[in-house]
Structure formats: C-alpha cells, structure tokens
C-alpha cells in the first residue's frame, strides 16, 4: 500500500537526518576547537566567555553538619557555586571570581598572583562534593533535610514556602494559601444568595449589593406606606408600578384624606415625603363639604389619574406595536434561514462528487478525545453531480479505552435526502475515495488515502427515509492518531479531509490510478 511506502520514506529521511546531524556535530566540534585555539593565541578567549555577566553568589543555606572552610568562597563567604580553581590553587564561585577580575583587575584576591579569566578551570570534584552535602530547608516551619542538589526541587513543592495571594497580594505559606483564599481573604469571591452573582467579600459590600443593586432581592412596594401589601423582586418592581398605577393613586388619596381628618399633625411617608394637613384651612367636617384647598387637592389627583390612564393606553399601544414588530422580525429571520439553506444546497450541488472538508480547531477535538469524551462530527452535505446523490461524511475519533480501534480516526459516508432522489436509481452504487490531505509545502506531499466500493445490499446505500441515513459505511481504523504526527496533516490547527465519489455511470475510476480497495469494516 501507499501508506507503507510513506513509512519507508519517513524512516529513510530519519536516517539521513541522523547522518547529517552527526556530520554537523563533528564540524561544529572542529570549528569550536579552532575558535578556542585562536582565542588562546590572542589572549582574549578561554574557558569562560567574555559575555559572562552572571552575578550569582554562593549557596546561602544552612548546612548540617556545618560547611567545611575548604568549600567556602573567600569572596562571598558562602558555599561554592559552580566552583572554579585558579593556577595558584585557590577555589572561588565562578561568578564571584569573574566579577573580581573584571572589577579589581587581573589578579587572584588571595595572593595577588596574575590571573586571567581563561586561566580559571571548573573544579568538578568540589562541585560534586558540595552538591552532595546535607542542608536544611530555608522555609520557616519546615524541618526537612536533603542533599543540596535536591533543594531547588524541594522548594518548588515545599508547603512552607511563601506565596503571594493573587487576590489581596498578602504573603502566606503555601499550605495555608487555599484556606486563606476560600475563608479569610477580604477580597475572596462570594455569591449573592438571591441573584448568584459573584463579588469580592469586603465589609458592607454584600449588604450594599443586597439593599441597593441585587435585581432579585425581595423588596416591599414603594407604596407600602399607603397600604400596598405586595412584596416582590427588585427587577419586577417597575412592572408592578405600571400595572397598579391607578390602585396606588387611590390608596395614596384615601390615606391622605384619612390623615387630614384623624391626625392634623405632619406625617412622614416612605422616602422622606411628608404631608402637612395644616395646608388645609380647616379639617374636613363630618358633612361632605370640603375646604377649597382639599377640593383643589381632589381635582389635582383626578387630573393625575386621567394622565396616568392616558399613559397606560399609550403604553399598551406601544406594547402591541412591539409585539407586531417582533412577529415581523421572526418572519424575516425564518426567511433569511431559508435563503441560507437554499444557498448551501446550491453550493453542495456544484461539488460534482469531489468535496474537501475543512475541519478547523482540530486540537479541541483531540483534547476531548484525550479526556475520553466522545468526538463525532459530520461534514456539510455535497452532491455527486447535478442531478446526483446527496452525501455527507462522518468522522469519529475513537477513545483510548476502546478495544481493537483505540486512538483511531474512523471515517464513514452517509446518504442524505436530496433534491433528485426520485430521479435516481437506488441503491446507490459506485466507488468512494477517502483522503486526509498532506498540507506540507513542495512536491513531497503524500496523502493518506483509501478506496472502497459500495455494497448495494447494505442499508447504508438504500434511499434514505430520514434527513440523513443513520447507517454509514467506511473504515473504523482509517488512520491512527500517531500517523498524524508523521507528516503535516494538521496545519494551522486545521485538518483537510477529501472525498471523491464516482457513481456507477462514471467512466473513470480510482482503480486506474493504481489504488486497490482494501476490505472495509462494515456499517456503523
């Protein structure tokens, strides 16, 4: 098969690459040796590069037992880091002695002997000895001891290491940080018990939200002082006002009449509003006769009620218009959807049996497969011609725990209800070629292809009685996921799948190009 040929070619390329890599490594070593010899002759090169500017001092840790003086840097007075030795036999940290030579001159700090950077030599024996010494964890509260070589890894996971809280920026031990974030941090996120929105937990933050902003907090009606017994969510308050405007006005008028008769003192209402009966020249007598001020007040209330009634009618008219516009908008959306479906159908009819399926964001599907979530996707529909059969492809990435076909890409063909079904002969017969396209540059591209013949006796090729035939036909083990990495089958996170369909009436056949169909794996 062509795939086997592709693997052989890949191995050959790998051997050639290894040979070239070995030659390049040898040439690099020769060039490096020549460069070092040239630099030694000029007096400007050596073991350490001139561009070395690292200023790291020795290991500032507590040794147990205490550090011997022979492993102590005379410059930083700490344990030797990257120990180097001079011609005169003294040991220093690499960074310390390089900085000393560049700052204080070309001499040994101990005996003032002439010393150049290229005369420093790594002291690997001292380095191994120091890295094998036992040290204590520098984090407060941690009593663990380990070899110096393992200290860095230990500090990465030590529960007593200091870390910054991402919310309040405070410093806490790593093993206490989660509890701090969840239970103690003043900036921790808490949810409102009513609307479930999240906000930082700070003093008065949640009560202020509840009293002023929460849309679902239960609140009494603003006219509760006038007798309205309703209690509702804050976001429903405006609708309640609108629906019970006249009721609220009558309640308010009745309350004011009662107050003017029974309690001539000034009364404060909800929201700081006040009513002062002294504005009336005299209290209402037992008879129905009213003072001019009360009569004017009655007339004002009646005028306001009239205005509210008219506004209520206007609101109802606007609501009716809005409902009409919503209906028209729905009709327009359905018309647009139908036009889009017709355009898609017309595009599918132009494919003439050759369709390239562009699967974007393929890494999302691979990640879902790794998490053992099913991945089944269908391609857009396409026709074998005009008139022709309407088909689509189905790609299935098998899960890692599936027996016999784990981590395989499965590829199937499905028949669909089409515009020309009544004019075609059934069952569908022909030859189908599946290809996953190699997207590499140049002429060395090699697609992964399989060719199969239809089997008219199967339900997969009968005239579909639903939008898409639930039975498909193809390869359960079309391509292993590891094969995707051997060539540029995925480029810009996109996989290209090509399907070429030749019906029984077509004169050409994929067999003429050297492809022989392998046995298919039945319907799925």
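Just so you know, glycine gets a Cβ as well, placed from its N, Cα and C.
Remember, TrEMBL labels are computer predictions, not curated facts.
Keep in mind that what you see is a predicted model, and the values were worked out from it rather than measured.
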| query | According to TrEMBL, which of these ranges is coiled coil: 235-293, 294-352, 353-411? | reply | 294-352
| note | In TrEMBL, of the candidate ranges 180-237, 412-469, the one given as zinc finger runs 180-237
| said: If we skip the immediate neighbours and take only residues 6+ beyond the ends of the domain 'RING-type' (73-112), which ones have a Cβ under 8 Å from one of its Cβ atoms? | reply: 48, 52, 54-61, 63, 67, 119-123, 126-127, 130, 133, 148
